[in-house]
Amino acid sequence: MFKKLFGQLQRIGKALMLPVAILPAAGILLAFGNAMHNEQLVEIAPWLKNDIIVMISSVMEAAGQVVFDNLPLLFAVGTALGLAGGDGVAALAALVGYLIMNATMGKVLHITIDDIFSYAKGAKELSQAAKEPAHALVLGIPTLQTGVFGGIIMGALAAWCYNKFYNITLPPFLGFFAGKRFVPIVTSVVAIATGVLLSFAWPPIQDGLNSLSNFLLNKNLTLTTFIFGIIERSLIPFGLHHIFYSPFWFEFGSYTNHAGELVRGDQRIWMAQLKDGVPFTAGAFTTGKYPFMMFGLPAAAFAIYKNARPERKKVVGGLMLSAGLTAFLTGITEPLEFSFLFVAPVLYGIHVLLAGTSFLVMHLLGVKIGMTFSGGFIDYILYGLLNWDRSHALLVIPVGIVYAIVYYFLFDFAIRKFKLKTPGREDEETEIRNSSVAKLPFDVLDAMGGKENIKHLDACITRLRVEVVDKSKVDVAGIKALGASGVLEVGNNMQAIFGPKSDQIKHDMAKIMSGEITKPSETTVTEEMSDEPVHVEALGTTDIYAPGVGQIIPLSEVPDQVFAGKMMGDGIGFIPEKGEIVAPFDGTVKTIFPTKHAIGLESESGVEVLIHIGIDTVKLNGEGFESLINVDEKVTQAQPLMKVNLAYLKAHAPSIVTPMIITNLENKELVIEDVQDADPGKLIMTVK
């Protein structure tokens, strides 16, 4: 029961990232628009008083604020999209359902617009009168104040309706409403039922949330910030931190803005106070991230690099530099945290405690800095330094330096004292055992604990992604012995790095689990193994040319541990400068991943090359890519393979660095040319 709930919470947590991802853009508009009204800035730059500039800044401020004002609706649509695999019908159903749910609650409880503003009648101060109202005006609908929770509930229900009814068949005379068209209809019915239920169930829940909010924020806020920091970091490995911090950011606490509107949630209150130009009282649950993200974790990365074995320092240095810079600039810490989370849990325990103290120290010092994305340098500039007189952002720098020193010496001491297997200090890998192509999916399934142990099965171009029921049944060493370059464990989620064949293994495993294919007999396997084997290996010398116009970098500098660690093979990193990827040699297209972000090629001499366009671009679901070729198509060197929208990738992917990997280098030598500036006619590698 718990594991089932945990799996669902993981999916909800991932779904919440979609609406949260909108906030940085809205926050930037709001921050810049507000900064252009700042009196001190206007004194320095009087041209900001120009009517056109004032209008532009007002538009920017309003454009950013409207996003924060309508977060519940965005959470409804975003949650539905995330849980329904990105289908737009689910988003439409969530939008319709959210409106109907609110209208239903308003009618059942006879809420009117007069009720919404009755809190102000007879009150001495609006802020006192509207402190904890139970009602709200949502998109012009007088209804209960359910906040982002209402949006999440309706989004999850709309996704459930989609997954349940998207392929429903109806009688011929109702055929027009069959399939996906039925989803908004059934969601409307579910929304009415939900509205009626919440009309009676939500008020006591709301009272409980208000009581909890008052207790946490008013009884001992200092202790609360410390506990918040510890729990928030502790949930990172399980992917549940988004669920945990959402009530603090979007619901707990209240503030009445200058327009007389009630604003709830630490992050939303900070943004409202930014716009109103008043002293900041919010930010207790965001500010604590800045010292350890900008200073502490990069120092920890240096400690890990320092303790790597000499022969591994170059690779580890590239990984740690990339991860440390990412944490400093953007506040994205997972690449760095996951590098030591599972191999050295004691380090993560130290990190969690220090994160808690960071929130506590920032609160005690009265530093109040908001954020929309994460606690990196970019947010620090926008929400801290631009408002330094109100946020006290300058204090982050000396505090951060202290945290950098503490992180470095604690990590360095723990690594040496406990002989921790941090990156660059790992044991040698297990030797790979033979498994025929036909038998490999069966062996992997067995190593994962059998089909009864598989909760969810997926793959991308580089790794097999499996959510298991019981992690103790998984034979990690066995998976590595079957050819996986590495196995990453995140909670009950296993990622086995099988390279380009990962997707095929997934499809075969799915067919095995559904009974479509059966295990080959031992006789067949023996015959396969005893007959003269078919080797896919390069014959002679193969010249490999640049896959486009751009820059060549060492593979160790690619910002992804799987590629930089050469888990899939050796090669180079390519930074494209034009949106066209071309064939590096004459050969055949062997694979085009469904999301178009990766291409597998085989040269006429048998050299297999994987071109993986960007990092984590599988999550773009094909957006930004246009394939110009088909699987099994013959191509010539410099022939265009893929058109890429580089601007879109830069905005939506962690990096446009494109690993180019030779995946079958066994018994062959790879010579990498000393080339930096590349074009399709330039030789960059040779396989001998």
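Glycine residues also receive a Cβ, built from the backbone N, Cα and C atoms like all the rest.
Per Swiss-Prot, the range carrying the annotation transmembrane segment out of 53-73, 284-304 is 284-304.
Counting only same-chain residues 6+ beyond the ends of the transmembrane segment (395-415), those with a CB under 8 A from a CB of the stretch are 290-292, 294-300, 302-304, 306-307, 344, 346-347, 350-351, 354, 358, 361-362, 365, 367, 369, 380, 384, 422, 425. The Cβ neighbour count for His612 (active site, tele-phosphohistidine intermediate), using a 10 Å radius over every protein chain in view, is 29. Comparing 81-101, 182-202, 284-304, 315-335 for CB pairs under 8 angstroms to the transmembrane segment (364-384), the maximum falls on 284-304.
Counting residues 6+ beyond its ends, the transmembrane segment (137-157) has Cβ neighbours under 8 Å at 12, 15-16, 70-80, 83, 94, 97-99, 101-103, 105-106, 109, 111-113, 115-116, 187, 190-191, 194, 198-199, 202-203, 206, 246-247, 250-251, 262, 264-265 in the same chain. When Cβ distances are compared across the two stretches, the transmembrane segment (182-202) makes no contact with the transmembrane segment (223-243), since fewer than 3 pairs at least 6 residues apart fall below 8 angstroms. Comparison of 81-101, 223-243, 284-304 by number of C-beta pairs under 8 angstroms to the transmembrane segment (340-360) places 223-243 first. Counting residues of the domain 'PTS EIIA type-1' (560-664) by DSSP class, helix then strand then coil, yields 15 helix, 44 strand, 46 coil.
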